[in-house]
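> In case it's useful when we look at the structure, here is the feature table from Swiss-Prot:
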- 1-123: topological domain 'Cytoplasmic' (TOPO_DOM)
- 124-144: transmembrane segment (TRANSMEM)
- 145-554: topological domain 'Extracellular' (TOPO_DOM)
- N181: N-linked glycosylation site (CARBOHYD)
- N208: N-linked glycosylation site (CARBOHYD)
- N244: N-linked glycosylation site (CARBOHYD)
- N266: N-linked glycosylation site (CARBOHYD)
- 272-299: domain 'PLD phosphodiesterase 1' (DOMAIN)
- H277: active site (ACT_SITE)
- K279: active site (ACT_SITE)
- D284: active site (ACT_SITE)
- N333: N-linked glycosylation site (CARBOHYD)
- N350: N-linked glycosylation site (CARBOHYD)
- N468: N-linked glycosylation site (CARBOHYD)
- 492-518: domain 'PLD phosphodiesterase 2' (DOMAIN)
- N513: N-linked glycosylation site (CARBOHYD)
Amino acid sequence: MPLRLINFRQQRRCRQSPSVARLESIVLNRRELLLDHFQYSLFQNSSEIPMTTILINDRPMRHTHDGRADMTNFEMDLFDTRIEVPTSKNSGGDGMHSPYYDEESSKKRCCKCGNSRNRIIKPACVPISIVSLFIIALVFLPLFNEEDLASPIKLTTGCSVDCKTFLVESIPIGLPFKTNNHTAEAWINIIDNSKQYLDISVMYWNLNTSDYKSSVYGRRVYEAIIRAGKRGVKIRIAQDGASNLSDNKESAYLVQEGLAEVREINVTRLIGSGIIHTKFILSDIATLYIGSANMDWKSLSEVKEVGVVFQECPCVASDLYKIFAAYWKLGENDSVIPEKWPISYRTPFNFSSMAKLTMDGEPAEYFISSSPGPFNPKGREHDLAAIQKIMKDARKSVCISVMDYIPSTLYMKKSNRFWPEIDDSIRDAAYRGVNVRMLISHWDHSRKEMIPFLKSLQTITDGLPRYNRTEHGQVQVRIFTVPPNGKEKIPFTRVNHAKYMVTEDIAYIGTSNWSGDYFISTAGVAMVVRQPSATKRLQNVFDRDWNSEYSKDL
């Protein structure tokens, strides 16, 4: 007995227009005809049976090589029939229409199906609609969470301009080193050229004093900030709120005179310990400074500092602005760290995906790293991870200049612990054949335990594997000491306060000392650039200091 297609839809069909009923009749008849042919071909030897041709719409249905019917024409005819079916001209139609685009027919099929036993489609519409709305909300609602990042100027991620950069330094009075770009002059230039906005992240304030002759640079910078506020530049300052290193009278005066808005970030309240150790200036979301210098006159004339300036570079400035915006948000009263930072705070730029730009006429790549982890939205490279990856990427040379180097935490009281993350990366680099040179500061406040840790790094050289019989990695350590400035003794001065690293490919300039606390619970940032010219400039500074009379073997 021939197989017959059971039309379940016909048993539960809603009331339909004649055109739709006719469509179902056509489809049913054609399916029955096709199945009869399938059954005949299935149970008979196709090689012994004469070829039979089935006509559909007066066209022959072809067969495949094994005698089965070719479905192509049938499916296309069925599709064509479903798209256009005859209609009654008495009802105002032109003789052909598509029930799938007939709004009235759709309503009848989906919403008015007669008595309850015929309601097939309507109940399904409800859960499908709910699921669809849920998916839409899940995917698109986060995209509307942009109001949390208030930006006075449209941020950009595309670097279409040639960014000008300057390596800037503070050279303590009495050191014979020369620099083309002094930190104080760079700051004053940035501030004086600000037209609308000036955002500053600072640990503490100590610019405006006349107690010492060398404090003139500090006063000049502070006067530049006052001038900017008076000419209408909107100044915002995000400063540490828990360290008690200064009474911050200078920022308080700016607020009192209506020249600036200040917010304090209490890192200890937010994550249990830590401070804002970041130092950067951002002008008009276009020009910026990142470096080791504090807003302290000593950092401009009595302490050795290193930083970098990006001039008229909106893409880099926009990325730094997101970090400032996070600080600004955390400076609100009763603020909490978001469980998940809004999308608008995210960055696409990190070690795995550096931003491409033109820097001083040459191709370059960059990203900005930050710590601690809870302050970082998605995409932002943690400062520690940046250091580790840069060392892992090095093939020939790693040169490090930092004030403090201790593989432990220092400020967690009874909870201090061994912290070997950077120490292990240094050893790993040397083991792979990289020449590691470390220039560490020595001054009145250096910790005694630092020297044994440095010696332990240096002594591994003799145990490192040799490559090509003669070549092998090594760790060399030198101590850099800034001599006193005559008879004048100024507290917390005469030290190399720089925090940078340079390899054969990458220049890293940061704001953090190299001990555990600065990456676990202290806020800091770093600029990372991959460009031959940038690395050469920073390498020249390192080599100058390394080979100077102020550098001694450990």
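Cβ atoms are placed via backbone N, Cα and C, with glycine included.
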> Have a look at the glycosylation sites (N181, N208, N266, N350) and report the one with the fewest Cβ neighbours inside 10 Å.
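Output over glycosylation sites N181, N208, N266, N350: least Cβ neighbours within 10 Å is N181.
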> Cβ under 8 Å to the domain 'PLD phosphodiesterase 1' (272-299), counting only same-chain residues 6 or more beyond its ends: which ones?
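Contacts with the domain 'PLD phosphodiesterase 1' (272-299): 151-153, 155, 168, 170, 183, 186-187, 190-191, 193-207, 209, 212, 214-219, 221, 238-243, 250, 265, 305-314, 316-318, 320-321, 323-324, 327, 368, 372, 411-412, 490, 492-493, 497-500, 509-512, 517-518, 520-527.
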> Relative to the Cα of D284 (active site), which of the glycosylation sites N181, N208, N244, N333 has the closest Cα?
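That would be N181, nearest by Cα distance.
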> Nearest to H277 (active site) by Cα distance: which of the glycosylation sites N244, N350, N513 is it?
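Nearest by Cα distance to H277 (active site): N513.
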> How far is it from N266 (N-linked glycosylation site) to N333 (N-linked glycosylation site), counting Cα to Cα, in Å?
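Distance (Cα to Cα, whole Å): 10 Å.
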> Within the domain 'PLD phosphodiesterase 1' (272-299), how many residues are helix, strand or coil going by DSSP?
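Final tally across the stretch: 2 helix, 12 strand, 14 coil.
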> Tell me the Cβ neighbour count for H277 (active site), meaning other Cβ atoms within 10 Å of its Cβ, over all protein chains shown.
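A 10 Å sphere around the Cβ of H277 (active site) contains 24 other Cβ atoms.
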> Considering Cα atoms only, can you say which of N181, N244, N350, N468 is the nearest neighbour of N333 (N-linked glycosylation site) among these glycosylation sites?
N244
> Taking the glycosylation sites one at a time (N244, N333), which has its Cβ surrounded by the most other Cβ atoms within 10 Å?
N244
> Determine how many residues of the domain 'PLD phosphodiesterase 2' (492-518) DSSP places in helix, in strand and in coil.
2 helix, 11 strand, 14 coil
> Quick check: of the recorded positions listed here (N208, N244, K279), which one has the Cα closest to that of N181 (N-linked glycosylation site)?
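Considering only the listed recorded positions, the nearest one is K279.
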> Can you name the residues of this chain that are 6 or more positions from N513 (N-linked glycosylation site) yet have a C-beta less than 8 Å from its C-beta?
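In sequence order, V402, M403, D404, Y405, K499 meet the Cβ cut-off.
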> Distance check, please: Cα of N208 (N-linked glycosylation site) against Cα of N468 (N-linked glycosylation site), rounded to an integer number of angstrom.
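Just about 59 Å between their Cα atoms.
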